[in-house]
Amino acid sequence: MFRCTKAIAALSLSFACASTIAQGYPNIGRVATDKEVAAWDIDVRPDFKGLPKGSGSVTKGMEVWESKCASCHGTFGESNEVFTPIVGGTTKEDVKAGKVAALTDNKQPQRTTLMKVPTVSTLWDYINRAMPWTAPKSLTTEEVYAVTAYILNMAEVLPDDFVLSNENMAEVQKRMPNRNGMTTNHGMWALKGKADVQSVACMKDCKGETKIRSELPDSARNVHGDLSQQNRSFGPVRGVDTSKPPSTEPVGSQVRRDAVANASQQVKVAAPAAKDGAAVAKQNACMACHGLTNKIVGPAFSDIAAKYKGDASAVSRLTERVKNGSSGAWGPVPMPSQAHLKPEDIGTVVKWILAGAK
C-alpha cells in the first residue's frame, strides 16, 4: 500500500510538472489564433510548400523593378553602390551544369546573389518578405512573381516572354545556375556534427599582432544615420551610435549602453508628438540613398536645397516627385515611388530638406 501511495504521488507530480512545462510562462501571453498563425506563416520552402498561387511576367517585372528596385540595385541588377550585385558572374554553361564556375576560378571580382543562391524559392521568399527596402511586404503576389522572373531573365535563366507561376516554379528550379552548389556535407549540419575548424584557443600569454589592412574613412561612419536607432531594442542585432566618434571601450559595452538609451528614448516619445523632418527621413530609410551633404545613390539633401532655393513651387514639386517617383533630374538611377508615406510625412520631410536638412 505504501509503495502504491508513493507511485501515485510520483505520477501526480509528473503530471504537475508536465502541466507547468506545457504552460511555459504562466499568466503571460495567450494562444495565437488561427488567423494570426496564418498571417505569420508566410515563408516559402525549397519544396515550394507555402508558395501562393499566382503568376507574373518578365515584362511586368521590369516595370516593377524600374520603379521600386533599380534605385538600390541598378537598372540591370549589377550595381554595388548600395548593396552587393544581384546579377552577374553566371553563364549558360552554369545553367546547364547547376554549378557556378566563377565560385572556384576566382575570376569574378565580387560574388553576386545569383552566383550563390541554389533555390528559386529563396529569391521569391526574400523578395516577398523584405522588399522593397523602404516598404517591405508591400508588393502584391503578382509583383513578387514578376520581379523574380525579371531577375532570372537578367541572368539569362529565363527568356523575355516568360511568365513565372506556382505551376512552373519547379521547372525553373532545374535551371538555377547554382542549384547543385549546396551541400550538407559539413560539420554543423547534422545534430551530432562537429565544427569544421578545430583549434586550441590561447587563453594566456598569447603571442601575435593584429594588423589593420583596410578601414572605412571617417566620412562613411554616419552616412546612413545613427545605426543604434535603426535596430530594435531587443533581439540579437544591435547598432553602434554612429553619430558619435568611435569609442575606445569594448564594442559590446557601448552597444548595450546605446540599446538601453534608445529603449528609454522610445518610451519617452511613445506619446503622440509632431514629427520633424530628420525623424521622418530616418524612419523611412531616406538616408540609405541620400546623404545630408554628400551624394550616395541620390543627391545630397544640401544640393536639393540649393537647387530649389527661392523657388515658390518647390514644396509642391518635390512632394509630387517623392510620392510618385522621378528620374533624370539628378542622374540615371530613378527614385522609386514613396506612395506608402502619409501626405503629412512627405510634406514634413520636403520642408525639412528645403530648409537645409539640419
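Keep in mind that glycine also has a Cβ here, set from the backbone N, Cα and C atoms.
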Of M203, M335, residue recorded by TrEMBL at the heme c site of C286, H290: M335
Neighbourhood of M335 (heme c binding site), C-beta criterion under 8 angstroms, separation at least six: S71, C289, G298, R321, V322, G325, S326, S327
Extent of the heme c binding site in Å [max Cα distance among C286, H290, M335]: 11
Listed in sequence order, residues not in C286, H290, M335 with Cβ within 8 Å of the centre of the heme c site Cβ atoms: M287, A288, C289, V297, G298
Reported mean pLDDT - the domain 'Cytochrome c' (56-155): 93
